[in-house]
């Protein structure tokens, strides 16, 4: 919303490893801001190293809301996020402070800005039928089925993503409308004035280097032990959204004996680079966003100036 009478909300978006957390902490020191995490991986407890969750020292300087709110066994939807984020925003604004939303889960930002389309509730019987078909024919065959029904959704959903794939098919079988058709119907928009920023390096190779360096740092910090603790629980599996997070899936496959350690490292870095590429694709089509260069010394100045001049 652009109405100046509405309280301001700052969005600090960007691909993974672009420097969002460091900039957010700097902003908290300069503005009356409270941070709300916009990250589908940081919601999980016990998943700290592989998600690059802010450290205890960083959280002491700048507490983050919506961290550690789910067990890895649980799911969390864009609708859940919107409900939680709106509650946190309302609380922060009521205290006379500015909500600073930080993260790279672009679907969450979209849900918050535009509202959610009226998708049908899950139907256990239809979901069971889809899973039975997958057991018989494989998810690749079901992905081909989705391709013929809803090519836009099929292009966005990987054949190895059974949760999202089955949901897209389920929506069509329940409603007779595709996921793409239904999501074009907007819900209630965000009733705040948003100042939107995206931080990323202009040089793609620099982002790739930052991703590789961070992955190796995670390994040195005990990432394998972190995932092994999850693996040894016995109630988690590779199809859960938590374990499908980049890095976790590849480490899980290594612990499961499916791939070598070196292959795990290679795949983990590649998967993270692919995530960053998807995030950048979202951001390039984003409206009303101000771009910031990773590492630039005046990024906080730009945001502060935008806030006072808006």
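Placement of Cβ uses the backbone N, Cα and C atoms for every residue, glycine included.
For residue 17 (ATP binding site), other Cβ atoms within 10 Å of its Cβ number 25. Residues annotated as ATP binding site in Swiss-Prot, with sequence analysis given as evidence: 14, 15, 16, 17, 18, 19, 20, 21.
Feature annotation from Swiss-Prot assigns substrate binding site to 16, 17, 18, 19, 20, 21. Look at residue 19 (ATP binding site): DSSP puts it in coil. Contacts of residue 19 (ATP binding site) defined by a Cβ separation under 8 A and a same-chain sequence distance of 6+ are given as 199, 294, 295, in order along the sequence.
Only residues 6 or more beyond the boundaries of the region 'Interaction with substrate tRNA' (39-42), in the same chain, are considered here, and those with a CB under 8 A from a CB of the stretch are 50-51, 53, 64, 66-68, 76, 81, 103-105, 107-108, 241-242, 245. The region 'Interaction with substrate tRNA' annotation in Swiss-Prot covers 39-42 (among others).
The region 'Interaction with substrate tRNA' annotation in Swiss-Prot covers 163-167 (among others). Here the region 'Interaction with substrate tRNA' (163-167) has long-range neighbours at 75, 122, 127, 130-131, 134, 139, 142-143, 146, 157, 179, 239, 241, 244, meaning same-chain residues at least 6 beyond its ends whose C-beta is under 8 angstroms from one of its own.
Feature annotation from Swiss-Prot assigns region 'Interaction with substrate tRNA' to 244-249 (among others); the stated evidence is sequence analysis. Residues 16, 40-41, 44, 47, 50-51, 161, 163, 215, 218, 223, 227, 230, 238, 268, 271-272, 274-275 of the same chain sit 6 or more residues outside the region 'Interaction with substrate tRNA' (244-249) yet have a Cβ under 8 Å from a Cβ within it.
Per Swiss-Prot, the feature site 'Interaction with substrate tRNA' maps to 105 (among others); the stated evidence is sequence analysis. Cβ neighbours of residue 105 (site 'Interaction with substrate tRNA') (same chain, under 8 Å, six or more residues apart in sequence): 38, 39, 40, 81. DSSP assigns residue 105 (site 'Interaction with substrate tRNA') to coil, not to a helix or a strand.
Counting only same-chain residues six or more apart in sequence, the Cβ atoms lying under 8 angstroms from the Cβ of residue 127 (site 'Interaction with substrate tRNA') belong to 166, 170. Residues or ranges marked as site 'Interaction with substrate tRNA' by Swiss-Prot on the basis of sequence analysis: 127 (among others).
Most Cβ neighbours within 10 Å among the binding-site residues 16, 18, 21: this distinction goes to 18. Ranking the binding-site residues 14, 15 by other CB atoms within 10 A of the CB puts 14 at the bottom. Neighbouring residues of the recorded ATP site, listed in sequence order and excluding 14, 15, 16, 17, 18, 19, 20, 21, comprise 104, 199, 200, 294 (Cβ within 8 Å of the Cβ centroid).
Cβ neighbours within 10 Å of residue 20 (ATP binding site), excluding its own Cβ and spanning all shown chains: 25.
Confidence over the region 'Interaction with substrate tRNA' (163-167), given as mean pLDDT on the 0 to 100 scale, stands at 92.
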